[in-house]
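Asker: Please find one structure pasted underneath; my questions will follow.
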C-alpha cells in the first residue's frame, strides 16, 4: 500500500462502517507505525494483538489470520484489517456468523468438514483450558469432548447429511438452536476475542 490512505478506496472495499474519515486516518497512521510496509504478516499479526506465545493461542489466531486475509496472499493490508473489524465489531449476527464460518473453513472450499470443525473446536478447548475457563465444569464431567461437540453439531446442522456444513446450514443452524450457536462460537467468538485483544494492544 502507499503512504496515503484513500477514503474513497475504503468505501469501495466496504471497509468503512461507523468509523468516520478522521478515525480511519488515525487508525491508518498507527497501523503504519506498527507495520511500515503497510501489510501484516502472521508474526506481526500475533504481535499486533498481543497474542501469548503458546500453542493454544497460536492455533486459534492462525485461523483468525486466514479470515482477515480475504485475498489469500498470506498478508493483511489495512483495508482487509478495517473491513474485518467493522464486520465483526459492528456487523449483524448474520455477518458475524458468516465471518466465523470463514475461520472454520480452513481450505476455503465453501464447506466445513468434520476435521475442520474438530480442529477449531479442539484449539478453542485448549485455549480455554489454558485460560482456566470452564475447568470446574470439566471436573464435574459436564463438558462435552470436542468429538462429542462435533458429532452433535453435525447431527443438528447437516441437513442433507453429506458430511459437510454449507454456509447456509452453518448460519441457519446457529440461528435455530441456542446450543449450536454457543458451540459454534464456543464463548470465544471472534468479536469478543478481537475486542479483548484490542484493549490489550496500545494500537487503538
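The backbone N, Cα and C atoms fix where each Cβ goes, glycine too.
Features from Swiss-Prot:
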LIPID     2  N-myristoyl glycine
DOMAIN    19-54  domain 'EF-hand 1'
DOMAIN    56-91  domain 'EF-hand 2'
BINDING   69, 71, 73, 75, 80  Ca(2+) 1 binding site
DOMAIN    92-127  domain 'EF-hand 3'
BINDING   105, 107, 109, 111, 116  Ca(2+) 2 binding site
DOMAIN    145-180  domain 'EF-hand 4'
BINDING   158, 160, 162, 164, 169  Ca(2+) 3 binding site
Asker: Test of understanding: give the count of other CB atoms lying within 10 angstroms of the CB of residue 109 (Ca(2+) 2 binding site).
Answerer: 10
Asker: Within a 10 Å radius around the Cβ, which one of these binding-site residues has the most neighbouring Cβ atoms: 71, 75, 160?
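Answerer: By the 10 Å Cβ neighbour count, 75 comes out on top.
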Asker: For residue 105 (Ca(2+) 2 binding site) and residue 69 (Ca(2+) 1 binding site), what Cα-Cα distance in Å is obtained after rounding to a whole number?
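Answerer: Roughly 13 Å, rounded to the nearest whole number.
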Asker: So what's the average pLDDT for the domain 'EF-hand 1' (19-54)?
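Answerer: That region's mean pLDDT is 78.
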Asker: Which residues, same chain and not among 158, 160, 162, 164, 169, have a CB within 8 angstroms of the centroid of the CB atoms at the recorded Ca(2+) 3 site?
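Answerer: Along the chain, the qualifying residues are 111, 154, 157, 159, 161, 163, 165, 166.
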Asker: Using Cα coordinates, what distance in whole Å links residue 71 (Ca(2+) 1 binding site) and residue 162 (Ca(2+) 3 binding site)?
Answerer: 28
Asker: Could you give the Cα-Cα distance between residue 160 (Ca(2+) 3 binding site) and residue 111 (Ca(2+) 2 binding site), in whole Å?
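Answerer: That comes out at 13 Å between the alpha carbons.
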Asker: I need the neighbours of the Ca(2+) 1 site defined by 69, 71, 73, 75, 80. Which other residues of that chain put their C-beta within 8 angstroms of the C-beta centroid, in sequence order?
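Answerer: Not counting the recorded site residues, we get 39, 68, 70, 72, 74, 76, 77.
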Asker: What's the CA-CA gap between residue 162 (Ca(2+) 3 binding site) and residue 111 (Ca(2+) 2 binding site) in angstrom, rounded?
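Answerer: Answer for this pair: 11 Å between alpha carbons.
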Asker: Between residue 158 (Ca(2+) 3 binding site) and residue 116 (Ca(2+) 2 binding site), what C-alpha distance do you get in Å?
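Answerer: That comes out at 14 Å between the alpha carbons.
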Asker: Would you mind splitting the domain 'EF-hand 4' (145-180) into helix, strand and coil residue counts from DSSP?
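Answerer: Split into helix, strand and coil, the domain 'EF-hand 4' (145-180) gives 25 helix, 3 strand, 8 coil.
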Asker: Could you give the Cα-Cα distance between residue 169 (Ca(2+) 3 binding site) and residue 116 (Ca(2+) 2 binding site), in whole Å?
Answerer: 15
Asker: Measure the Cβ-based neighbour count of residue 107 (Ca(2+) 2 binding site), defined as the other Cβ atoms within 10 Å of its Cβ.
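Answerer: 11, counting other Cβ atoms within 10 Å of residue 107 (Ca(2+) 2 binding site).
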